[in-house]
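Enquirer: One structure is given below, represented as structure tokens, and several questions about it will come after.
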Amino acid sequence: MTKKLLRALAGETQAVPPIWMMRQAGRYLPEYRATRAQAGDFLSLCYNSELAAEVTLQPIRRYGFDAAILFADILLIPEALGADLWFVTGEGPRLSTITEQADFEKLKGKDDIHDHLAPIYETVRILSRELPSETALIGFAGAPWTVATYMIAGRGTPDQGPAHALKDANRPLFEALLDRLTEATIEYLSMQVQAGAETVKLFDSWAGSLKGADFDKYALEPAKRIVAELKARHPDLPIIAFPREAGEKYVGFAKATGADCVALDNSVSPEWAAEHVQVDGCVQGNLASSHMVTGGQALIDETRHIVETFSKGPHIFNLGHGITPDADPENVALMIETVRSHAAG
Ligand code: CP3
């Protein structure tokens, strides 16, 4: 196993950690904007296998990242289940809402998603042919809770209020929705693996808004079910979990879910995470994405600090969240150079 990313996921400590970046294919890159314009809108790009593979490859060509992440979106699963989905420019996603049992009844079953998602599997197949031999291919899905927050509200919300309200007002409906998403996510990720994904990442971007027992039931438990079933089907598959803003709930999350790596957002300090999270295995993260906008010495210092603090165990260098459209591509090059030269020296 020579791919650096897969070695880190297997628990190997490396002098130079593997590096990739959330949203590495995105609007901060002129070549992405050009391909997106060619495809039309964002969703057309997701479902155009050739062009989705092309934008996935762009940051690999430009920067030589150690991993490529499939270009798609976490909201394709709701669409495959029968929800309407569209993106409003400058505002974000819109979906038909799930507020009552009748809305839920209209959703498709877990095995009825594959026709809709076939172009995504084709993107994975193209990538597994075309990626350089040293570059790992990451598949992904949204975690059930995070996807449910969009399905319930019909859009992104600052505090996930509508999803919390449905959980409190109609818990059986809320739990039925999470179950359906859990089952569909297993089928979706399993197909990505069959198509050539070498690891998969579960994005629970809003895990931090679940507190106490709710976190365990609706973030940890679904992740554990997904990991267990995927590993039963694909015993060698490494899995990355991203319970964003889990705070103290990051502690023991990998062990409890069976994930091989947890991705850290930048609200936790590397010192704390090295002591309390990396003890259980590989961690990924966690440079603030604002450094990709501001650059300079602060970027260099903080990058070195993260590499050094995680140097005693398995680590994948990444941002704490996605790179933003206003980032400067030069700063990405500076980050990579800093990781590779500092860690080597
Ligand atoms: O990391 C990658 O490059 C892989 C592709 C990927 C995208 N979205 C592409 C995308 C991944 C893994 C995602 C995950 C995703 N999508 C999440 C979880 C991660 C996170 O950021 O917290 C969420 C919540 C979504 C839902 C989503 N998609 C929103 C809220 C938005 C609009 C916000 C925005 O940035 O405009 C998107 C659009 C989106 N997904 C873009 C990209 C590159 C921008 C699309 C464009 O206009 O070209």
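Positions of Cβ are set from backbone N, Cα and C atoms, glycine also.
Below are the features listed in TrEMBL for this protein:
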- R23, Q24, A25, G26, R27, D73, Y150, S205, H321: substrate binding site (BINDING)
- 18-27: domain 'Uroporphyrinogen decarboxylase (URO-D)' (DOMAIN)
- 138-154: domain 'Uroporphyrinogen decarboxylase (URO-D)' (DOMAIN)
- D73: site 'Transition state stabilizer' (SITE)
Enquirer: Taking R23, R27, H321 as the binding-site residues to compare, which has the smallest set of other Cβ atoms within 10 Å?
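Expert: Least crowded of the binding-site residues R23, R27, H321, by Cβ count within 10 Å, is R27.
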Enquirer: My understanding is the cutoff is Cβ-Cβ under 8 Å with a sequence separation of 6 or more in the same chain; which residues meet that for A25 (substrate binding site)?
Expert: Y32, V55, T56, Q58, P59, I69, F71
Enquirer: Give me the CA-CA distance between D73 (site 'Transition state stabilizer') and R23 (substrate binding site), in Å, as a whole number.
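Expert: Rounded to the nearest whole number, the Cα-Cα distance is 10 Å.
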Enquirer: How many other Cβ atoms are found within 10 Å of the Cβ atom of D73 (site 'Transition state stabilizer'), counting all protein chains shown?
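Expert: There are 18 such Cβ atoms around D73 (site 'Transition state stabilizer').
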Enquirer: Give me the DSSP three-state residue breakdown of the domain 'Uroporphyrinogen decarboxylase (URO-D)' (18-27), ordered helix, strand, coil.
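Expert: Secondary-structure breakdown of the domain 'Uroporphyrinogen decarboxylase (URO-D)' (18-27): 0 helix, 1 strand, 9 coil.
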Enquirer: Within the domain 'Uroporphyrinogen decarboxylase (URO-D)' (138-154), how many residues are helix, strand or coil going by DSSP?
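Expert: Summed by class, the stretch gives 10 helix, 5 strand, 2 coil.
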Enquirer: Below 8 Å Cβ to Cβ and six or more residues apart, same chain only. Which residues does that give for Y150 (substrate binding site)?
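Expert: Once residues fewer than 6 apart are set aside, Y150 (substrate binding site) is near L75, P78, P93, L95, G156.
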Enquirer: In this predicted model, what is the average pLDDT of the domain 'Uroporphyrinogen decarboxylase (URO-D)' (18-27)?
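Expert: In the predicted model, the domain 'Uroporphyrinogen decarboxylase (URO-D)' (18-27) has a mean pLDDT of 98.
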Enquirer: Can you tell me whether DSSP puts D73 (site 'Transition state stabilizer') in helix, strand or coil?
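Expert: Looking at the DSSP assignment, D73 (site 'Transition state stabilizer') belongs to neither helix nor strand, so coil.
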Enquirer: Using DSSP and three states only, what is H321 (substrate binding site)?
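Expert: DSSP call for H321 (substrate binding site): coil, neither helix nor strand.
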